[in-house]
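**Student:** Once you've had a glance at the structure underneath, I'll fire off some questions.
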Amino acid sequence: MVQEELSLFRITTGYFFLLWYIIILVAAYSGFFEILFNFRNRPILHTKQQANHQNDPESDDEEIYEGVTIIRPIKGIDPELTSCLESSFCQNYPRSKLQILFCVDDPNDPSIPIIQKLIAKYPTVDAQILTSESYNSQTKTSDDHYGPNPKVNNLAKGFVHAKYDILWVMDSNVWASSNILKNSVISLNGNLNMSRKMGQSRPVKLVHHVPLALSINNTTRSDDFIGGQDLEITAMTPVPSSESLNSQLVKRKSSPKSNNSLNVHPGFTYSKFSKKLGAELDEMFLHTSHSKFYVSLNNLAVAPCVNGKSNIYRRSDLDQSVRLIPHKDSPFFKDPKVKQDAGYYTSLGVGHAIKFFARYIGEDNMIGIALWENTQGRTGLTGDVVVQPYSGSENNAVKDYIQRRVRWLRVRKYMVLLATLIEPTTESIICGIYGTYAISTVFFGTWFNKYWFVMHMLIWMLTDYVQYHTLINHTLDVKNITYLPNWLNESIPPKQRNCLQWGYIWILRELLALPIWIIAMIGHEIDWRGRPFRIKKDLTAEEM
């Protein structure tokens, strides 16, 4: 009786959506369990040489580890800029093998005094500021202009001046714990992904780290300097961790408890709440939906999935990947002008290949594709995260969150169209709707079993809750690190929210996912740092 009521269309669509439902759940939960088991604590990787020579670790480090150049492009002052930049100086890595280049376009950029203080504070580290040539303060342009992407234009001088082949390109607004560089070099040279050995058919050529954002208590520019001064007093008094004789933990002044969390207090106003809600939505997105699929897709390795917040690769590999573009057929680099420019920039010498990517807004994705296609490489994770602090001062209202998501979805629409088109099916509500339809049709002979949908949403929400707090606790973990800034402590807003407050932000994030995607799909203009762009058919960007 039930089977007679089901049309061929219902049966076909039911099985189709059931298959897709299973695929999405497998992808989601493979990422979830990877995070649950391997992101619980900060990882510490060791080479075979270290394991055999633990009595003299510093001497071994000098011999084992290659030199690394850290390149940090900077424009203006972001929240907690001092501590984010200082994390580069505090890497648990031989200082004789470290170079830090701060790339600044404007010689009068307000960030320069902060950088100068850090360089003076760490005189044994090879660090310098590189500014663009012939910068015009009226037009805000310089001779270092190779395309519409201002980040790549700024980075280019760092690639040319780097004295080491291994490069760590890291945005100025993210903080990294002190073992990330060591873990990454071991992973890059050891062909490791999540500490697991990969096959030689597609070795690890780019190491990246899961990007997170944290909604923190309001700070001012002076607070940023104060944080650095506090650390200057205490950073030289490390204490050994209970977990490792080779690890150190910086003592620090405890931060005062904030009154700006979501807890309602006498000074609470809607404007304060709404101004910070965008930061909390970003935090929720990156700690839940984005991170689980980011980790899952990286492990699946069917295509590069790279966020450019923190990437480590060899300059020689990037040069080689661009050098081969004119000689290979690729749907991403097929335009004759693109091939011509690839040949031109690589002919200029070592390090100039990065200039080729200034034509793309999503340079991180295109670098990943070039390394994937032309060096037969893949990406690898270390089990580390990098954290971008968001204050509640400005540019963090709901509309700002929506604009950020729309902007990058539009970029991805042109870079990876298929993945962008199916993205809504990975969100909890849409996934629950077609999944419930499939389960109801195939197993219950009904249109929509509401009990299954409710169960689906509750399990998904519980999964995200566990994953969210696993990553939060990872970020706050004080074991085996040498530097933890004042804004990373138990009084941060994520640790102060109760379940209802967390659930409110989670529900709002899930409800906004589909409208944001629709807005991104029907529009073409991309607003980036106040400048409008459009993406052309060859994936390059054009300033409007």
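Sequential numbering from 1, following the chain as shown.
Note that Cβ sites are derived from N, Cα and C of the backbone, with glycine treated the same way.
From Swiss-Prot, for reference:
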- 1-15: topological domain 'Lumenal' (TOPO_DOM)
- 16-36: transmembrane segment (TRANSMEM)
- 37-427: topological domain 'Cytoplasmic' (TOPO_DOM)
- Asp364: active site, proton acceptor (ACT_SITE)
- 404-408: motif '(Q/R)XXRW' (MOTIF)
- 428-448: transmembrane segment (TRANSMEM)
- 452-472: transmembrane segment (TRANSMEM)
- 473-501: topological domain 'Cytoplasmic' (TOPO_DOM)
- 502-522: transmembrane segment (TRANSMEM)
- 523-544: topological domain 'Lumenal' (TOPO_DOM)
**Student:** Report, as a single number, how many Cβ atoms besides its own are within 10 Å of the Cβ of the residue listed as 'active site, proton acceptor'.
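**Tutor:** Taking all protein chains shown, the residue listed as 'active site, proton acceptor' has 22 Cβ neighbours within 10 Å.
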**Student:** Quick test of the contact rule: Cβ under 8 Å, at least six residues beyond the ends. What residues does that give for the transmembrane segment (16-36)?
**Tutor:** 194, 291-297, 299-300, 425-426, 431, 434-435, 437-439, 442, 463, 466-467, 470-471
**Student:** Going by DSSP, is Asp364 (active site, proton acceptor) sitting in a helix, a strand, or coil?
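**Tutor:** It is helical.
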**Student:** Over the topological domain 'Cytoplasmic' (473-501), what is the model's average pLDDT?
**Tutor:** 85
**Student:** Counting only residues 6 or more past its boundaries, what in the same chain has a CB within less than 8 Å of a CB in the topological domain 'Lumenal' (523-544)?
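**Tutor:** Long-range Cβ neighbours of the topological domain 'Lumenal' (523-544): 75, 147-150, 332, 334-335, 337-338, 359-361, 366, 403, 406-407, 410-411, 413-415.
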